[in-house]
Every structure is written in C-alpha cells, then in structure tokens.
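In what follows, a single structure is set out as structure tokens and then discussed.
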Amino acid sequence: MVEPADRPSAAGQRLGAPESFGVSTLEPGLRPPTQAPGRQVSIRVQMLDDTQEVFQISQRSPGKVLFDLVCVHLNLTEGDYFGLEYQDHRKMAVWLDLLKPTLKQIRRPKNTILRFVVKFFPPDHTLLSEELTRYLFALQVKRDLACGRLICNDTSAALMVSHIIQSEIGDFDETQSWQHLLHNKYLPDQDAIRDKITDCHRQHVGQTPAVSDYHLLEIARRLEMYGMRLHPAKDREGTKLNLSVAHTGVLVFQGYTKINAFNWSKVRKLSFKRKRFLIKLRADPTQNAHHDTLEFAMASRDCCKIFWKICVEYHAFFRLFEEPKPKPKPILFTRGSSFRFSGRTQKQIIDYVKDSELKKIPFERKHSKVLSNSSMSPQSSSFRSQVPKESAMSVQLADQPDSARLGHQAESNGSEEPPAAASSTNGFHDPPTADPTRQNHNGTGSALDPNFLNPESPGSEDSPGGSPQVVVNGSGSVNGQGLGQGQSPEGRLLSPLTSPLLTDAGCVRIEDEEEARRKKFPTDKAYFIAKELLTTERTYLKDLQVITESFHGVAEKDEAFPESVKNLISTSYDPLYKFHQGFLKEVEQRLAQWEGRSNAHIKGDYQRIGDILLKNIQGLRQQTVHLQKHSECLVELERACRSIRKVETVCRDFEQQRVCYLPFNIFLLRPLHRLLHYKLILERLCKHYPPTHDDFRDCRAALADISEMVVQLQGTMMKMENFQKLLELKKDLTGIDILAIPGREFIRLGCLSKLSGKGLQQRMFFLFSDSLVYTSRGMTPSNQFKVHGQLPLYGMTIRESEEEWGVPHSFTLFGQRQSVVVAASCASEMERWVEDIRMAIDLAEQSSSPNADLLSTSLSDNKLSEDGGAELESEEELCGSRSSLERQGHRGNTTVHVCWHRNTSVSMVDFSVAVENQLSGNLLRKFKNSNGWQKLWVVFTNFSLFFYKSHQDDYPLASLPLLGYSVTVPSESENIHKDYVFKLHFKSHVYYFRSESEYTFERWMEVIRSATCSASRPLPSTRKDLY
C-alpha cells in the first residue's frame, strides 16, 4: 500500500512500529476505506521530518483516501489537525479537498509533491494527547522558524531553538552544540544570536525530547504569529494588509502587527464576490447600527476563494460540535458553493481520545540522537513518562480512569512467598495453597505472579491490549529492570490513574463449594456489625503503625528533625497504638468465639460485642489527653516543615513510600475520625437490638460515652480537618505563598470551563470562604496547578448567563475588579457551584472587612493573559519556572487531580461525610469478561478503594479513585448469578464486587455511593454552620 521513495515498506513499519489502523478520520476499529477499482496512481507526500513517501491510490479515490493512508502510515491518532498542501497550476498553495477526487485536483501527479503539514493550530497544545502529535507540531514550528514565517524577538527565537537542539542532540556540550549550530540552519539570522542560543541550551540539562517539544510549543503558542498564514489584501482605502484566520476568528495584520480581530461570535457571514472578500458583522445591540459589512480586495477571485475555504474549515473545526452535514442537492439550480468542512471537529477528537483506550505506538525521531521513550518497546512505551502534562503522571487519564497503583512484586522479609491465608474470620475461605513449597509461615506480604497485577496480559479477556507495567507508591520493574520508588523508567512519578485494576490471573478463586463453608457462619446482623468493627479496627491499627513505626523510624534517622516534634508525636500516638492493639485482640477473640471456632462458647454466651465496646471506650476516655494533642502535632509538624527545609524533605520523601498510601497529615487525624466510626457502629447496634436484648444495655451505655467524647472533640476535629485540607491543597498549588491562614475555610474544588478570547478552557477552581481561585494544570514533574488569578468574594455577585453567551450551564461572576464567565459540565454541577459560591459570598460579607490580596503577592505575575494579551513571557518564566514545590515530587493521585481528569467537583461537606464513611473487609472481584472471582482485602477511604492481598499487608497493591464512577446492581443480562454483587462502572470500565452478606452488601453500597454520588447528595440544612 505504501512505498517509500527507495524501498518498499508496510504501513507504519518505516518507524519501526507494528501495523496499525488507528486513523483519526476513521471510526474506531475500522480499516482504511477500500479504494475504487481502476488503475493505481503514485502520489508523493513529503512529511514534516522532510522524508518523502509514495502512496498508491485509485484514479477515482477522493482526497480522504490519500489522507487516511498517510495517517495510517504514521500511526497518527489525532490526524485531523493536519492536512495535505500542494501548489496548483497557478503556483498557489491550496489544501487537498478530502471530498473531491484527488486526480481532479492534482493535474500532474508525477510532478507534484504534497506536503503533510499542520492545518489547524489549537490555542492550547495540552489538548494534544499523543506525544507523536506534539512531535509533529514541534517539527512544524521548527519549519516555520527556519523559513521566517514565525516572527518573534531574539529572546523567544533563541529559547525555541535551544529546545529544538536539546531534543536533537541532548544535554549541552560546548563543542558539539557549536558544531551543530554551524551545520544546521534554524533561523534566517541565526549567527547573530548564536551565543544566546547556547546560553539557553545550557539550562536544559536532563530534559528529554518530549519535554523539549512541550516547552517549544508552550513558547510558540504565545507568539502573535503562531499558526498564522498571511493572505495579502487591501482595504477600501487601498492600504496593504494581510488577512489570516485562527481559532478565535478572522484577523487583520498590517505587516506582522495585528491591528484588528473579528471574533466568530461577532461574524454573521463570510462571503466573496469576484476579488472582494466580505465580512458581515452582527449588529451591536448597544449601538443603533445596522449590520456592518467589511470589504477587502484580494489579488484575484481564486485568492478570495482559497481564503474563504480555510475560514469555513477553521470555523467548523473549532466551533462546531460535529462535522457539518452535506446540503441536499437542488433539483434545478444551484446557488453558492457546496464546499463544506470534512473531518472531525476538535471536540470530536478530544472526546474520541478520552473515550477510547488507545495503545501508544512507538515512533522514531529522525533528527534526534537522544534515546527517547518513543523508541522503546510497545510494552515499556506505555509509561509515556516524557511529557510533564500528558506523561506517566496523566497518560489517558480520562481514558483509563481505573487508577490502579500496582506493583508486580511485593517484598516481605526478603523472600518471595505468598501471604498467609486470611483468618476464617474474614468470611471467605482460602483453599489450600497449590504449591506447598511457597507457603509463607511469617504471615506477611508476598511476591506475586507476574500476571497477577496485569489485566492486559494475554490471559485476561478483559484486556484492552498491551501489558503496561505499573507500580504502587513506588516499586516495580520494566523488562526485568528495577525502578526506584514511584518512578517510571525516566525517573518520573507514575500516576495511579494510568493503569487498570487487579486481574484474576494467579489469584485464589472462590468456587461454589466454598459457599457451603461460608453459610455455616452466623447470619445475625449484629455479628456482621461486630465484624465491621473488627475489619475497620485492623485498618485503623495499620494506620497508627504508619505513624508510630514507619514515620518514627524515618524521623529518628534524621538529625535535623526537631526532638520536640518527635517527642510530641511519640507521646501522643504510642499510647493509643498500644491501647488499640489490646482492643483489637479482644475483638478478634470475641469474633472467634461468636463463630464457634473455639470451645469457649460452651461456657457462656459470647454472641455479643457491647461489653467489649463499653469496657474499651471507658478506657479510651482516659486517652482523651492524648487525643487533644493531635491538633498540636499537626500544627507543630507543619511549622517545622516551614522553618526547616530538611524536615520538609523528610516528610515529602516519606509520603512517597508505599506504606504512606494517603497524605501523612490524614494519618495524624485518624484517631479523631475513629471516634466517629465507633459512634456509628454503636448506633447501628442499638437500632438493631430490641430493648430487651442482653447486649442492648452495654451498647447504649457505650454509645452515651462515645457521643460525649465526640461532642467534646468535635470543634477541634472540624478545625483540624479544614487545616489539613488547606495544607494538602497547598502541595497541589503553585503561586500561593500561604494558604492556611486563620479564618480561611475551604468550601469546594473542581473543574469548570472558563470563557476567554480563546474559547472555553478547562480550569480548576478552588472556592474558599474569602476568595475564588482559578488555576490550570502545570507542567512540572509534580503536575501542580498553577494559579492564574483570584476573585475576592467580598462584593461579588453571580448571574446565570447561558442565554447571553450561548454556552450551556454557564454563569458569570462579577467581582470588584473583574468578571469571569464559567461553565459547568452539567446542570446539577452548576447548581452546586452557584449555591456554594452564594453561600461563600454571604460568609465573606459577614466577615470584618474585605481583603484585597488574599493569596500570593506574586499572583499578579502568575496571572497569565488568557486572552492573548502579552506576546511573550520572560526567559526566566519560560525556562526557569520550577519552584521549590515542583521539586516535591508530589504524587498525582490526589483528589484535585482526580477531579481534574474526571471533570467533577468535591466540597468540604463531601470530605466530612467521607471521613465517616470508611470501611474495610474482604470482597470478591471479577472483571466484565473474566470467569473467576478473586479475593482481595479492600479498604475504602478518601474517595478511593485500596486493594491488598490480605489485611496483613503493609501497603496496597492498587487503588481505584471512585469520583465519577457509578455503582449499581448487575442486570439480568449480565449473567452474574451470585448474591450480594454490586457493579462499579466508568465509561468502558466495569468491575463486579461480591460481599458475604446482605448487611455488608448494603454497607459497601452505602459508602461507595457516598463517594461516587457525593456531589449530588442533598445538602444539610445546617450547611453554613460547617464553615
């Protein structure tokens, strides 16, 4: 099908890639269109890397066939941004029409070379999902610089060329860089700024080609001439001008200076008549004026038509939701042109990439001498760890939402042994281990079968293809090579959002005969409530162990860690840890007696739990002095992190360890949260027992005691939750000096689309009690969110503006200094934002006085012109934007990142409810197309499910953030013929979970709904009181 100029090659094999038919202009799963019969004609196409390929097409094939063949050859998914350009018989550059036969457009195919180039330049290159697409865009920028089409100042030019050189030859070497510049022409006047180029190149040490592409596009997109193709024209006075088209509308240049712009929303009609190009504008309602028509004279009718066509295509590509349908053919007469845009719109491309499970295809960088991730094997290339935004931290996060944080190996005592069988108290029983030589007598974690954590292995029917290797909080391997904690082969953190969930390969299967054993256990609801106490207590003790053992061991090794803070934490948490060790042992013994696994039940009635709860809650009251110090521990630790950089590093590094599966500050608040869990368990017991039951009196007395403790510590708990949330958000934000200040309350965070001159742009908004902050996802290795601006709430008003702007679910925020138009993803999301903002405005107006600058004093510097105001940032901002926070290596699995990729929001009320809805226990899990069920220890907390092989493991094997998921009961057609099964699904990802009883089934459904449906929960009437 495809022949290079000098040797035959199959599609895609020129780049060393397997054959692929993932073409952007085709529907998923379809091959290129069959060509019409007839004689084959050779068409030569020059690629962006200057190679030439020969394609065979039929004489009657439309241009779309040729274009699809080129995209197949490149394995290009987002091909709709590109086009085929050629010179016609009039020596004019025109675009190949995809609907017309190719040979009717190209008169002399043997003497014509088509150029595969970028046709549509998006306002934000982060909308490009594939690394290959960004690479091709970078080649286009390189070409535009070399030919003098991309005009900019010397600083920008030197910086862009330095990134190009970094991607081609790697890190700076004075001799090599100088020689490379002598033999390669990147700018028309390159010699004049050669020293400046080398100075910039020195600053890019360690930068991979993909990151260089990213920074190159980041600089280029801010230039006024980025993507501009000038068409000469004159106005009515005969002044020489240039017309161009962009995603925003039609632009007018005088020389290389933009003097006017006509936004698409203001343009009523574009047309041409002979040599005249006409722009008809909408009437301005503020002025009593008729429709205004602007007229420009061009060199010929053909020039007018060429420019008119590209305007039609730009408007359709960036403004329409789907490809326009063809007009019906008239019966007798035709009027006007039948030309229309052919292909997918930008929105369709973005939606397709989000909804599809695309496998990355490796490609070759022709001019690069640097080993790129693109040239790795298909398996290892799935990390996509080269680009800060779309790399291992966020590869296809909307496409692969399962967020599994997996590790192929779990180390325990240096041995490779499977975990000890969970106690039969768990309800599900393990059959004997298949290989007795691998049994573990230590009762700890295990090394797993290589396929155990890989749902995309050949043995899994649920596999979308490929075998990506992923890690959990830190370790894994690629092709047998070990990785550092939480790192990809490139040394970057891996996102738990990039990899599928656990598979059933190599897991213990629970067959039907096991159900007979399970049914021998007690069926009383009180037993399962007591068992919930047992399972959650095990998780709670593991969380305390993170503080008392893991963190304490790290702090002891560091001499810079203040002794006062270490002693404060030890004296506050060690007594609690020892107390709950005894409590857990008592509960385990009671449950064993209740289940009849001990002869002790013969001597008395042990089918009760209230007596143990009453005894230990009374003992816990004596620990109140330690509980009251936990807020002090949180404050002192934060103070130490601020004042001593080494302490901050110790805490940051500890959070990267696998055992610290949540932000460390959350562990410090666990004892306060546990009081709420005891209270809820006792409330369920009291509700279940009749007043005459033997256990009712003890449960009621224990409930009274724990309720008194909760009331006593409730104020401290709420303040510390807010303080902890502000500290956690600070790690996700850059551009804010101090976030946690007295009186500031966090209210809501989530995604909204902000309307600017470039259209709707995704932004992450943070609502506090005194201000509304909007950010965009930064390009640092830690994927922090960069603050763009803030809106003080004092004096703010809000108005729904869907009709005014024509944008669904939009509303306008009118502040004292500026107004912002934003749009939510759906009507319910807009209602929640509007309600919370109005409540926050009321709170701000009730405060003592308005604050002018609530956040960073440098915020005005960070507030980039989203409407294209400033042409260029300084060199320091563009290449030296790494803040101290960026060096934190902050994990990309926080709630903020999940909300960003799932396009949703979460409020502080949701966080407060999530604190109460924590659950642990064994569940059986299966994939949509797998056969057996696999047993896992599952912990629900912080809007996520964390998966372990057994409750004895020290760290999770995988995690699944639930925001955006739906939880339902399987339908009849799904053939899940088991009791107590619930289904989790998000887009194409489906998981089934099976619990052991009706009570546990209802509890798991309840707590998971609190996360998956948290945003739609009815708000309490006393919500304002929470703030």
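Every residue, even glycine, has its Cβ placed from backbone N, Cα and C.
What TrEMBL lists as compositional bias 'Low complexity' is 372-385 (among others).
Marked as compositional bias 'Polar residues' by TrEMBL: 436-445 (among others).
What TrEMBL lists as compositional bias 'Low complexity' is 455-476 (among others).
What TrEMBL records for 850-862 (among others) is compositional bias 'Polar residues'.
Look at TrEMBL and you will find 868-878 tagged as compositional bias 'Acidic residues'.
Summarising the annotation, TrEMBL assigns domain 'FERM' to 41-322. For the domain 'FERM' (41-322), the model's average pLDDT works out to 88.
Marked as domain 'DH' by TrEMBL: 525-716.
Among the features that TrEMBL reports, domain 'PH' is placed at 745-842 (among others).
Annotated domain 'PH' per TrEMBL: 916-1013 (among others), in sequence order. Sorting each residue of the domain 'PH' (916-1013) by its DSSP state yields 19 helix, 41 strand, 38 coil.
Annotation source TrEMBL lists region 'Disordered' at 1-37 (among others).
The region 'Disordered' feature in TrEMBL is assigned to 369-498 (among others).
Taken from TrEMBL, the feature region 'Disordered' covers 850-888 (among others).
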Between the domain 'PH' (745-842) and the stretches 41-322, 525-716, 916-1013, work out which stretch tops the count of Cβ pairs under 8 Å.
-> 41-322
Take the domain 'PH' (745-842) and count its residues per DSSP category (helix H/G/I, strand E/B, coil), listing them in that order.
-> 20 helix, 50 strand, 28 coil
